[in-house]
Amino acid sequence: MATSACQALLLMALAAAVLSTASGTLKYDFYSLSCPKAEEAVRNATMKIISDKPSMGAAFVRLYFHDCFVKGCDASILLNQSNSNPQPEKLGIPLRGYDEVNTIKAAVEAVCPGVVSCADILAFAARDSAMVSGGFTFPMPGGRRDGLTSDLSDIPASLPGPNMQVQDLIKSFGAKGLSAVDLVALSGAHSFGETHCSFVTPRLYPTLDKTMDRAFGVALQTVCPRRGGGGTPLDNNRVTDPNVLSNQYYKNVIAGQVMFTSDQTLRSDASTAKMVQDNADNPVAWMARFAAAMVNMGGIEVLTGTQGEIRKVCGATNSGS
Ligand code: HEM
Ligand SMILES: *[C@@H]1O[C@H](CO)[C@@H](O)[C@H](O)[C@H]1NC(C)=O
Ligand SMILES: *[C@@H]1O[C@H](CO)[C@@H](O)[C@H](O)[C@H]1NC(C)=O
């Protein structure tokens, strides 16, 4: 779905104009004086990338999630290996979209060199992915600064896993200041993008997970063999268009047609099950919750003011060390 900026549903009544966070304050229109075209440059570049390659919207949204959950939204996920960061986060989990983030950064640098952080570029690109791939948009505050370090050993304690049950997912999000409402709303990102058999086979063998729809599971068994084939790619959403961000995810949860235990378990608790049903029934209400949760996620452990730096390129710190 290629939606233009003016066709997208604009969700405004989300949050106050200023988002307070533990470590500083982000602001809407943060670059209005220092680089008035910053958000437009990100939007143009992001729209072009996704229209050329529709699966990139999911890649940007997942990069943003991983950036924010591991050591805060500081673009640590984007750092390449270097002397001072011999084991950066990106070596821990394979993610897509790094070259494309560099392309967006280059477009922004061409307009205002040295002003806009990679952490903000990622947040704006994730927001704009919802516009292009989901047909709705919303204000995203800026003012994040880029961190100097990245260490894959931070990942296990920070990121939830696909085998987790709902109470542990709520704890994992709670540790980052996000609510169960945010957890359920953001899980809707699994309406688009890709996964791999290795994350699904534990639910297929030796017997099909009882919470999975039987026909859906049998079809998955033919794609994902019991042994080997863990790297075979699969669409997160096997029911409708896998490049569209939408509330289809919640319909899939209700039908038992989702990939991970961490998806299906949202139906096993009365309160999250009610949220799943409500998001399935009310697409616009889900969009507003997703938008608010994306903003909340963007406030996790941010660097602001004079902390960190504004990187020249997203893959390396300015000292290059
Ligand atoms: C609730 C806990 C979550 C767990 C356990 C989880 C787990 C996973 C796993 C295992 C994959 C497949 C990775 C692969 O095969 O390469 C995946 C994909 C994805 N996740 Fe999540 N995720 C969670 C929450 C989120 C959130 C909060 C977002 C963003 C708002 C998100 C966005 C995505 C996207 C867009 C993809 C597809 C990526 C692509 O196409 O490359 N996930 N997730
Ligand atoms: C964004 O694209 C529009 C439409 O093509 C163009 O008029 C505008 O100059 C572009 N802005 C930037 C900052 O690249
Ligand atoms: C980081 O690594 C990627 C992939 O090897 C490369 O394309 C990119 O240019 C690197 N970035 C920097 C700043 O070194």
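Glycine is treated like the rest: Cβ placed from N, Cα and C.
Predicted automatically and left uncurated, TrEMBL annotations should be read as such.
Quantities reported herein were computed from a predicted structural model and do not represent experimental measurements.
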Candidates Cys6, Cys35, Cys197; TrEMBL says the disulfide mate of Cys112 is Cys35
Which of these, Cys68, Cys73, Cys118, shares a disulfide with Cys314 in TrEMBL? Cys118
Of the candidates Cys6, Cys68, the one TrEMBL records in a disulfide with Cys73 is Cys68
If you count the C-beta atoms lying within 10 Å of each candidate's C-beta, which of the recorded positions Val70, Cys73, Cys112 ends up with the smallest number? Cys112
Where Cys112 (disulfide bond) and Val70 (Ca(2+) binding site) are concerned, what is their Cα separation in Å, rounded? 28
By a simple count of other Cβ atoms within 10 Å, which of Gly72, Ser76, Cys224, the recorded positions in the record, is least packed? Cys224
By CA distance, which of the recorded positions (His190, Cys197, Cys314) lies nearest to Val70 (Ca(2+) binding site)? Cys314
